[in-house]
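Copied from TrEMBL, the annotated features are:
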DNA_BIND  43-112  DNA-binding region
COMPBIAS  1-42  compositional bias 'Basic and acidic residues'
COMPBIAS  136-152  compositional bias 'Acidic residues'
REGION    1-49  region 'Disordered'
REGION    61-81  region 'Disordered'
REGION    110-152  region 'Disordered'
Amino acid sequence: MKRGKSKVDAPKKADGRLSVKKGPERTGKKPRKTKADKDPNKPKRPPSAFFVFMEEFRKSFKEKNPNNKSVSVVGKAAGDKWKSLSEAEKAPYVAKAAKFKTEYTKKLASYNKNQSGGGSHDADDEDESDKSSSEVNDDDEEGSGEEEEDDE
């Protein structure tokens with residue numbers, strides 16, 4: 001009786017899917033990007049009109065439903081209420097959100113000024129200095145190189 005090759009007789013192969021390569025062994029792949037550290041001094045983004053509404057709505061919802069511990073129920077109820085509000089009823093929340101946004105832009109501008117060294121430049125100077133000197137020189141070289149080719 002002939003018998004076929006069994007799994008025991010076959011040579012064992014390393015299963016490439018199971019081995020995990022870490023560190024310098026991960027050749028051929030791009031290095032993983034890590035998140036930049038957040039600056040704790042950077043001002044927080046302002047809340048939208050809906051989130052301004054949510055602050056007020058949570059208080060009233062807790063008074064009406066003191067036994068409710070679910071955050072999702074509160075959020076769902078607030079979303080339904082927000083959708084049912086007219087533009088006139090949303091106006092005070094939109095105005096508060098706009099006020100918060102103007103305050104945020106002022107804080108962010110002063111934060112950015114402090115981060116850049118606190119120098120007092122005009123906005124026009126910053127626009128001109130956006131291009132690095134190497135880019136400016138590259139542009140000049142390209143233009144002069146074309147002129148030389150045309151002359152020959």
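From the backbone N, Cα and C atoms, a Cβ is placed for every residue, glycine too.
TrEMBL labels come from automatic prediction, so no person has curated them.
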Run through the DNA-binding region (43-112) and tell me, per DSSP, how many residues are helix, strand and coil. 56 helix, 0 strand, 14 coil
Need one number: mean pLDDT over the DNA-binding region (43-112). 94
